[in-house]
């Protein structure tokens, strides 16, 4: 089984979880949660400007090191 990464926050998505969003041009985007999906598609937010995304990325970086 392949583990995908969230297109918004970069978190790992285990098999059977998350949201797969297919755009009209055929591009597949995978999101770990509804929060990431709505932030990216409905609100058009930039993940680099959100504190919770930066906190999650720091946590993941520490766990891999």
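Every residue, even glycine, has its Cβ placed from backbone N, Cα and C.
Here Swiss-Prot flags 6, 9, 32, 36 as Zn(2+) binding site. Around the Cβ of residue 32 (Zn(2+) binding site), the same chain contributes 6, 8, 9, 11, 12, 13, 17, 18, each under 8 angstroms and 6 or more positions distant in sequence.
Taken through DSSP, the zinc finger (6-36) splits into 3 helix, 10 strand, 18 coil. Swiss-Prot lists 6-36 with the feature zinc finger, giving sequence analysis as the kind of evidence.
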Long-range Cβ neighbours of the zinc finger (6-36) (under 8 Å; 6 or more residues past either end): 47, 53, 56-57, 60
